[in-house]
Amino acid sequence: MAPAAGPRTGKHAKPQRSKTLKRKRGQEELSSLIQRVEDLDLKGIFKSFSDLPLSEPTASGLASSHYKTLTDIQSRAISHALKGRDILGAAKTGSGKTLAFLVPVLENLYRKQWAEHDGLGALILSPTRELAIQIFEVLRKIGRYHTFSAGLVIGGKSLKEEQERLGRMNILVCTPGRMLQHLDQTALFDTYNLQMLVLDEADRILDLGFQQTVDAIIGHLPKERQTLLFSATQTKKVSDLARLSLQDPEYVAVHETASSATPSKLQQHYVITPLPQKLDILWSFIRSNLKSKTMVFLSSGKQVRFVYESFRHLQPGIPLMHLHGRQKQGGRLDIVTRFSQSKHCVLFSTDVAARGLDFPAVDWVIQLDCPEDADTYIHRVGRTARYEREGRAVLFLDPSEEEGMLKRLEQKKVPIEKINIKANKQQSIKDQLQNMCFKDPELKYLGQKAFISYVKSVYIQKDKEIFKLKELKLDEFAASLGLPGAPRIKFIKGDDTKQRKNAPRAAAHLLSDDDDTDEEDGEKKSKKKEEPQVRTKYDRMFERRNQDVLAEHYSKLINDDGTMVAPNAGAGADADEDDDFLSVKRRFDAGDKDLGSSGDEDDESEKGNKKNVKVRREKLLKSKKKLLKFKGKGTKLVYDDEGNPHELYELEDEEQFKARGDAKDQQAKFLAEEAERTRLADMEDKEIAKQKRREKKEKRKARERELLAEAEEEETLVQLPPYEGDQDDEAPRPSKKPKVKFTEANDREEAEPWYKKSKKSSDQAAHTPRQIQTLEDLESLATGLLG
């Protein structure tokens with residue numbers, strides 16, 4: 001008899017009970033955490049992470065990473081972010097803004113019990129790859145005890161590998177370009193359930209360089225989300241904030257009332273350096289600071305490469321590195337790692353390393369080229385003096401850049417002092433650079449590209465109060481780079497563009513109307529330039545010269561009408577008509593109607609026509625388009641329902657207009673109606689466009705899913721072995737074929753040709769089944785075969 005059903009006993013009972021208790025305890029802790037967050041006082045003062053209502057995994061991750069004390073931006077921003085509010089965070093460089101948005105990301109997803117099947121929960125955008133890698137490493141440290149899946153999506157890596165894993169990610173740290181590529185191309189990647197959007201260095205991401213990309217990314221995201229914006233120079237433009245659909249954002253600026261926008265322990269200086277002496281002073285500075293860690297910022301990648309290669313050949317006695325956007329991702333990451341770990345080193349870099357990167361113990365920040373604005377200056381000098389450490393920064397300014405740049409820095413509350421360089425400390429490397437460029441053509445070519453890129457970077461700057469290209473000594477600067485002469489630059493010319501544009505018009509007005517032949521020739525030349533005709537082989541044949549020896553000499557001896565010029569005549573002499581018996585007086589075209597008229601009358605009429613009718617007038621009469629400007633404008637009539645004609649734009653009667661009310665009221669009413677109509681039409685158009693994009697994306701993703709499903713089905717096809725269930729009932733097959741004794745007929749078959757043999761054998765095979773009709777026939781056949 002079977003035992004009665006009852007509660008499980010034994011070794012399996014205790015683990016099940018412990019799992020139930022653990023799940024119940026987790027639910028109680030989660031509800032308690034949610035209640036603590038709701039009761040959080042936003043006006044309170046928080047000094048450590050333990051004062052905040054954080055979950056156990058986040059608190060353990062912060063403690064393991066040795067984060068205990070809160071900075072100003074962290075204490076104010078984290079509390080608002082935990083409440084689910086949108087934030088505009090602004091703080092000085094090196095003040096801990098990364099933790100200010102990573103902690104709320106982990107906490108908000110933890111309280112919502114986010115899992116893998118819930119999809120993407122948080123998206124963190126960074127302007128550069130290096131900053132994205134740094135954010136991802138911090139996220140891995142503090143989130144090590146969470147169960148979320150986090151991913152890093154940047155350019156320079158395999159797109160297919162990212163596509164395979166992207167659908168399982170809960171948190172993504174990415175750059176805008178690669179993120180948009182996945183949103184457009186990856187079929188299994190959806191963002192409809194996104195909870196948080198974070199923009200680090202928000203002013204740079206919302207700048208014109210990323211504007212179209214960021215707008216496209218935001219178009220894929222849901223509007224119901226929490227948005228966090230952080231930067232050292234935060235944007236307050238209404239247009240930028242409207243693009244992000246922020247809902248009552250909290251502006252957290254902890255250093256807005258501070259005396260300076262840069263760290264207090266940062267010593268800032270500037271040096272007036274003429275453009276041709278910049279490399280000499282930079283070389284002298286590096287030689288005198290061999291036991292320090294220095295970052296040198298330049299305006300373009302080609303300048304970085306040239307300065308790095310030339311200084312590397314000169315061997316200053318300190319390790320040199322260079323970083324720019326044209327390098328491959330593996331090399332860039334290796335350079336960032338090596339520079340972070342080194343104690344004494346010089347890094348030449350573009351603005352790719354100007355924002356957000358945390359290099360430990362940087363002593364000097366040198367800005368060899370003037371930054372484009374004060375915000376860029378603040379971010380550059382922020383690579384040193386981080387987390388209350390000391391640091392020094394030096395800005396190299398040309399005399400033409402001093403006044404404008406100092407005015408911009410003063411507006412941003414940047415304290416900076418002027419210093420002078422001792423003349424006996426300077427070392428000139430001009431001759432050495434010339435020698436290297438003479439010996440190495442590649443270095444010379446790189447120097448030319450560096451010169452052009454620098455001039456172009458100055459030319460495209462918007463602030464012309466700072467960047468005055470015409471006041472720069474470009475020839476001397478080219479010589480200081482070791483070049484034999486200044487390279488030609490296409491966009492720099494002596495005349496202004498407007499003057500060049502208006503020059504042909506001014507020249508055309510000066511021409512008199514009597515010079516019809518000159519104008520006609522000029523028009524013909526311009527037409528030839530504008531519309532090049534196709535030249536056939538016959539045209540080329542008749543345009544050939546020197547077809548015989550006397551061709552050029554003979555052309556000098558004849559006039560245009562074919563008559564000969566006297567040998568002893570001057571240059572302006574007429575043809576010698578006495579040499580020929582008959583001479584041509586006048587030529588007529590074939591089929592001319594005026595052949596019967598007298599010659600004198602024709603000559604007089606031709607002269608009169610030439611005086612009265614001009615070439616331009618003839619062309620004007622032949623062109624309908626040119627005659628339209630002398631005609632009046634046409635009128636268009638519109639008929640009402642009763643059949644009465646009205647003008648297309650008919651003015652209303654004054655009495656009817658006054659009867660409808662005051663003019664200002666009518667104007668306000670009309671503007672309100674039109675604004676409402678355009679607003680509704682705009683909303684409808686946007687919704688239609690969005691729906692079309694979504695349908696197109698869904699069709700593409702469905703197609704990709706079908707292709708993936710077909711590929712998986714093809715891969716999973718397996719050939720099963722034959723069913724062996726009925727083989728036991730059957731007789732076992734013989735292991736060997738029975739021996740057959742060939743008769744004389746078989747011998748005859750072997751002797752016959754192959755084509756007869758095959759036909760005969762096929763005939764036998766066809767007739768054999770018909771002869772076997774009874775069991776006796778089968779036995780006789782078997783005995784015959786067995787012999």
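Quick reminder: no glycine exception, Cβ is built from N, Cα and C everywhere.
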>> For the feature region 'Disordered' as recorded in Swiss-Prot, pick the matching range from 80-99, 320-339, 560-579.
In response: 560-579
> From 47-75, 627-655, which range did Swiss-Prot mark with motif 'Q motif'?
Replying inline: 47-75
> Where DSSP helix means H, G or I and strand means E or B, what are the helix, strand and coil counts for the compositional bias 'Basic and acidic residues' (656-690)?
Replying inline: 32 helix, 0 strand, 3 coil
> Within 10 Å of the Cβ of K92 (ATP binding site), how many other Cβ atoms can be counted across all chains shown?
Replying inline: 24
> Helix, strand or coil at T98 (ATP binding site), per DSSP?
Replying inline: helix
> What mean pLDDT score does the domain 'Helicase ATP-binding' (78-252) have in the model?
Replying inline: 90
> Which one of these binding-site residues, G94, G96, has the sparsest Cβ neighbourhood, judged by other Cβ atoms within 10 angstroms?
Replying inline: G96
> Applying the rule Cβ within 8 Å of the centroid of the Cβ atoms of A91, K92, T93, G94, S95, G96, K97, T98, what extra residues of the same chain belong around the ATP site?
Replying inline: T71, I73, A232, R386
> Does anything in the same chain, at least 6 positions from A91 (ATP binding site), have a Cβ under 8 Å from its Cβ, and if so what?
Replying inline: T71, D72, I73, K97, F230, A232, A253, V254, H255
